[in-house]
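Have a look at the structure below, then the notes.
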Amino acid sequence: MSFSCSTLPSILLLSLFVFTLTTCSKGNFYENFDVTWGGDQRAKILHGGQLLTLSLDKDSGSGFRSKHTYLFGRIDMQIKLVPGNSAGTVTTYYLTSEGPNHDEIDFEFLGNLSGDPYTLHTNVYSQGKGNREQQFYLWFDPTKAFHTYSIVWNRQRIIFMVDNIPIRVFNNMESIGVPFPSNQPMRIYSSLWNADDWATRGGLVKTDWTHAPFTASYRNFNANACIWSSSQSSCASQSTDSLQANAWEDQTLGAADRNRIRWVQNKFMVYNYCTDLKRFPQGLPPECKRSRFL
């Protein structure tokens, strides 16, 4: 039996419309991403588009990027990092625009010797200016299973999350002259590459190519986000009901989240630019004086 749209109750049509808007960038790597370098031998989309793997060998790394550009949203990706001796390797997952005055929101995973923890490196660029690094050890082994790494990006703040636990917030402080990524659409990028001149212990530990190829795996991508196309955001045409489903648009930290981020930063943060007085002898950046959870 078939039905025309006119025979469906209006409330069902509305719910189908909302569902389509909130799941249009879910899951399939064939539909949502292009391999940008490394070729089919190093970047592989498997299981009908449900899994993507990147590999690094002595000749080349590999990478991919999203087909869409986004201006605000929540981006989730499950990643399983390079196991074993990953020293010298860097696995990246980030948003970036183009040009010398680009914006960028970074997750970078710096490999290490077997048994030593990965370093999770985060950074925010706005109008071409970065130097806002915070680094963390993870409270689990990121090579044994998939874990979810999320970027929440709205007009008020950027929230970095690991398994839905906030680890860092960068607030919009344009009111005091701090640039904030707010008007440049960005693509999602990821790569696996050799950076043994700096990645592990400042470059003291080099990549051991006898362990190559190194492989990282990706699955369960989800973008609940505003797609930018032809100088217009997809969110501009969404109904009030669909916008209500986008909790990221005004997401902040409640009491429970403040406790979680305090726990992460007290126990697992290994570098914070906002406390590096040697790096900023003329005074810390202005945003460091205004927020506890940068």
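Glycine is treated like the rest: Cβ placed from N, Cα and C.
What TrEMBL annotates here:
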SIGNAL    1-27  signal peptide
DOMAIN    1-218  domain 'GH16'
ACT_SITE  Glu104  active site, nucleophile
ACT_SITE  Glu108  active site, proton donor
CARBOHYD  Asn112  N-linked glycosylation site
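The structure, with features from TrEMBL marked on it.
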| residue | record | Cβ contacts under 8 Å, 6 or more apart |
| --- | --- | --- |
| Glu104 | active site, nucleophile | Tyr94, Leu95, Thr96, Ser97, Asn123, Val124, Tyr125, Gly130, Pro181, Met186 |
| Glu108 | active site, proton donor | Val90, Thr91, Thr92, Tyr93, Tyr94, Leu120, His121, Thr122, Asn123 |
| Asn112 | N-linked glycosylation site | Ser86, Ala87, Tyr118, Thr119, Thr200, Val205 |
Overall pLDDT for the domain 'GH16' (1-218), taken as the rounded mean: 88
